[in-house]
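A short worksheet on the structure shown next.
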Amino acid sequence: MSNNNITSTTINSINETVLDIYLKFVKQCDDPKRRDLTLTSTAIITLIIYGIGIILQLAVIPANYRLSKHRSAFNLLYEINIFDTLWLFEYVWLSIEFLIGSRIIILFNLEAYVFRFINLCIDTFYELLALNRSIAILFPIIYNKIFNIKTTKYLIYIVWIIALIYSIYTNWLPERRPFHCLSQLGYFEPTTMISKDLLATLPDTTFYDIIQAIDVILVFIPLIVYGVTFIKILFKKYTKKVEEPITTMYQSETEKQQFTNLESERVRLYLMCLLITWPYYISYSLYFSSRIFQINDKIVSIMAIFWQILGMIFHVQQPLCILLLSKDMRFEVKEDFKLFWKKIKNFIFNG
């Protein structure tokens, strides 16, 4: 999601191809003089915040890895941690390029493939996480049959394969490839600035549009799932009905208490997942509204600032939410820090 701070006055020429316009955008983006003070200040802030985000992500990854061996939700969170960290590294790199006023040219635009691969993995893992947490609340008895560790690992492998195919296909034509632009922060999607009539001349237009539509639908499916689950939680909390048919299968008070604790933990994990995804969906709503509706450049620029801020919140807050709402994660991270501090002291005092 990027600030479309590129002039589009030449895109309506009937004699120009999509590739011609794409190359013009590349030339404009390579001009460091197009930067301004606001964007430079934003790049510095972005560099600092995303740097902090990387530290936070790295702090929870070891603990998340250990928990992922026992619980499917943490299996998905571990994948999200990994890909969020890679995403943050990408944007730290882009911020540095912006500040020094020079792009690193990578052969065959391989960064575009990595960019789209990472983005689709993040999107899909959040969708699976929404299903995982919602099924845990809506269908607790069969949850472990649907989302056991083995099944979740297979799903992860499938996501990797789909993301790889998606990245290769959507970057197959050079005109489709996003690239870093020195007159804005983040990746520039050139096709967002080219008229639909001209894009229709590309050989992959129909199938490409179908894929983009499916992507949008999949992104917003978790909102529906989270919404249904949230309604059930509220209904269960405020209903006067005290009957708990699920717990009748447990004979002793100890078993009932264990089930209650498990249910509470599932609700906490659900709330954690809901909290870490709200900036993501608002950001996507802003992004796609700028794509669908005819909005003037000034409003698009303002919206771009908002979705960049929301993007920062989204990728940086996730480890904090995990720590706040998961007792297991807090315990594991605390143990990691104890071990880390012990090694530091041994290094200082014992060499």
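Just so you know, glycine gets a Cβ as well, placed from its N, Cα and C.
The annotation domain 'G-protein coupled receptors family 1 profile' is assigned in TrEMBL to 53-322.
The annotation transmembrane segment is assigned in TrEMBL to 43-65 (among others).
Residues annotated as transmembrane segment in TrEMBL: 86-108 (among others).
The transmembrane segment annotation in TrEMBL covers 154-172 (among others). Beyond the ends of the transmembrane segment (154-172), by six or more residues, the same chain brings 75-76, 79, 109, 112-114, 116-117, 120-121, 124-125, 128, 204, 208, 211 to within a C-beta distance below 8 angstroms of the stretch.
The transmembrane segment feature in TrEMBL is assigned to 210-231 (among others).
Summarising the annotation, TrEMBL assigns transmembrane segment to 269-287 (among others).
Residues annotated as transmembrane segment in TrEMBL: 299-325 (among others).
If you average pLDDT over the domain 'G-protein coupled receptors family 1 profile' (53-322) in this model, you get 78. Sequence-distant contacts of the transmembrane segment (86-108) (same chain, at least 6 residues past either end, Cβ-Cβ under 8 Å): 29-30, 32, 35, 39-40, 43-44, 46-47, 50-51, 53-54, 57, 114-115, 118-119, 122, 179-180, 182, 185-187, 315.
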